[in-house]
C-alpha cells in the first residue's frame, strides 16, 4: 500500500483549504457566504449613491419632502453599513459561535412513529382547504384591495386627456414603499409573484388580476401551518396531541378567515411555527441547517409583521434561560450569532421603511380604541368566534357577533363551554406547558408571553394595536387547549382521545354558523357592487365617497371619489348635459360614511333626486353597500328597496322590489 501523496500547500490560501477540514463543509460554506456578503456590501458602499449624494441633497436643498427613491438610497446605504459591521464581527468571532455537532439530542421526546397519525393530520389540512377554497374567489375587501393595488398590482389613473390608463406597481414600491406602515413586505412579494405566475399561465393582460391568485400564498401558508402544528404537538406530548391540535386549529373561524386573507398574517403564523421548529431542532442537534432555519424564519416573520419583535425577544430569553439552567454555555454564542445572521435581511429590507414609518407616526393620530377591558373582550370573542362582541345594525349585514351567538345558542354552549370550560382547559394547558419541556415552552408559552408583553407595552405607551394583530397566538391556543385535555386525562389511555373528540366536535358545532358566514358571504362586496353598476350601463357616470371610497379603484376605475357637495353637483350637471345615467354608491352609511361626508349623504337623502336601486350586504354594516341612481325628475324620495342578495339581482327580484329603470343583469 503506497503512502498518501502529500497535499500541496498554497501560500496565503492554506487557511481557506483547511476550513472544511477544521469546521466541516457546512460551516465552511457558511463562512464563505458571509465573506462574500461582506465583500459585496463593501463594494456597494463604495459604488452606490450614498445619503450625501446629489439625489438626496437636491431635494433637501430645495426643502422638498423626501420620496421613496430617496428613502431607498438612505435606508439601504446605512443598512448595508450596519450589516457589514455585523458580518465583520461574525467572521472575527467565528471560532466561538460556529456550531459543533452533538450526537445526543437534548430534551427531545421520542414519540412513537406511526404513519396512521398522518390520516388525522391530512384530514386537518383537508378541512382547512375545504374552508378556504370558497373564500379564494370572494371580492377583495378594504385592506386586501389597498395592499394589492399599492404594492403588488397597480392602479388605473386619469391621464391629462381624461382617459384612464393602467400604471403597474414598480418593484421598488413592492419591496420598499411603506408610507402608511401597512406594507407586509413578504406578503407583497409573494402576492406579486403569484399574480405574475397567474398571468403567465393564463395569458391575462398586465392590468388583470385574480382574487384567487392574490390569496393563494396565504392559503398555502395556512396549510403548511397545520402540518407544523401537528409536528410541534407531537414533540410536546404525543402524536395524538399533534393531530388534535391541527384539527382544532382548522376549525377556528379566525384561522379560516386569515388563511385566505391577502395580508401577511397567514405567512406570519407559518414563519413563527417554522422558526420554532428550527429552534427546537437546533437545540436538539446543534446542526447548522437548523440554526439557519431558525435565524432566517425569524427574519421572515419580522418582515411579515414588525410588531412580532416581542415574540423574538421572549423566545430568545426563554432559550437563554434554558441554556443557563442546563449549563450549555457553549450554545449561547451560537444563539446570538444566528440572531445576528437573521437580523441582516431584516435590516436591509426594512431600512427604507423605517424613516417612512417614523414620518407617518409623527403626523398621524391612531384613532384606535384604547386597549381596555372592552378591547380584551373583543379579543376573546374574535379568538373564539371570529367576530367581535358586537356587530352593529344586524339587519344591514350578513355577519354575526358574540351577542348574537349568545342569544341564539343554549347557555351550555355560550357560557358553560365557551366562557368556563375552554378557559379552564387553557389554564391547565398553560401550567402543563410551563412544566413540560422546552418544546412546550417555545411553541405555547413564548407566543402567549409575547402577546402579554405587547399588550402591556402598547397600553402603557398609549399606542393601541387592533385585536387582529394578535392572530399569531392561534396555533399556540390550539396546542394549549389540547394539552390541557390530555393532561387531565393522562392516566387514562382511552379517555384522552374521547375527550379530545367530544370537545373539538362541540367547538366546531358551536362556531359552525360563524364559519359558514365567512365561507358563503363576502366581507365587503366591492366586486358585486361594481358588476351591478356595469350591467346597468358601461358609460354611466359613477361616484362614491366615505369609508373605503378609494377601494373601488380596482373594480370600478371610472368611479370618481368625491370630497364635497360641490363636486357632486358638478357631476349632476355633467350627467344632465351629456344625458348620461349617474350612479352613486357607498358603504358604511350609518357607522362611518355619514360622519365623514354629512353634506353628501344628506343630499342623497333629502334632495329627492336619488332613487335607491340596489343593496349589497357584507359581513358588517361598515362594508355593506347601497347604490342610488340620479333621477332629476323625481319629486319625492321613495322607500328603500328590499335588501338584495350578494349576487346581482334577477329580473324577478327587481320586479318584486318595484325599482324602476333597472335592467335585468
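The backbone N, Cα and C atoms fix where each Cβ goes, glycine too.
Those TrEMBL annotations? Automatic predictions, nothing curated.
If you look up TrEMBL, you'll see 644-653 marked as compositional bias 'Low complexity'.
Among the features that TrEMBL reports, domain 'Glycosyltransferase RgtA/B/C/D-like' is placed at 209-349.
Per TrEMBL, region 'Disordered' is recorded for 634-665.
According to TrEMBL, the transmembrane segment annotation covers 72-93 (among others).
The transmembrane segment annotation in TrEMBL covers 114-133 (among others). Counting same-chain residues at least six beyond the ends of the transmembrane segment (114-133), those with a Cβ under 8 angstroms from any Cβ of the stretch are 219, 222-223, 226-227, 230, 234, 239-240, 242-244, 246-247, 249-251, 255-256, 259-260, 515, 519.
Under the heading transmembrane segment, TrEMBL lists 214-233 (among others).
Within the chain carrying the transmembrane segment (240-258), a Cβ under 8 angstroms from the stretch's Cβ atoms is held by residues 117, 120-121, 123-125, 127-128, 131-132, 135, 218, 222, 225-227, 229-234, 265-266, 269, 382-383, 385-387, 468, 471, 474-475, 477-479, 481-483, 485-486, 496-497, 500, 504, 507-508, 511, 514-515, 518-519, all 6 or more beyond its ends. Annotated transmembrane segment per TrEMBL: 240-258 (among others), in sequence order.
For 290-319 (among others), the entry in TrEMBL reads transmembrane segment.
Here TrEMBL flags 331-354 (among others) as transmembrane segment. Listed by sequence, the residues of this chain that lie at least six past the ends of the transmembrane segment (331-354) yet keep a Cβ under 8 A from its Cβ atoms are 34, 37, 68, 71-72, 74-76, 78-80, 82-83, 86-87, 89-90, 93, 96-99, 175-176, 178, 181, 183, 185, 282-283, 286, 291-292, 294-299, 302-303, 306, 312, 316, 319-320, 323-324.
When Cβ-Cβ distances below 8 Å are used as the criterion, the transmembrane segment (412-435) is approached by residues 236, 384, 405-406, 441, 444-445, 448, 477, 479-485, 487-488, 503, 506-507, 509-510 of the same chain, each at least six residues removed from its ends. Taken from TrEMBL, the feature transmembrane segment covers 412-435 (among others).
Sequence annotations record features per position, and here TrEMBL assigns transmembrane segment to 442-460 (among others).
TrEMBL lists 466-487 (among others) with the feature transmembrane segment. Below 8 angstroms of C-beta separation, residues 225, 228-229, 232-233, 236-238, 240-241, 244-246, 248-249, 252, 254-255, 258, 265, 268-269, 272-273, 305, 307-308, 311, 368, 375, 378-379, 382-383, 388, 422, 424-430, 432-433, 436, 440, 443-444, 446-448, 451, 454-455, 496, 499-500, 503 of the same chain, each at least six residues beyond the ends of the transmembrane segment (466-487), sit close to that stretch.
Taken from TrEMBL, the feature transmembrane segment covers 494-511 (among others).
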Average model confidence [pLDDT] within the domain 'Glycosyltransferase RgtA/B/C/D-like' (209-349): 97
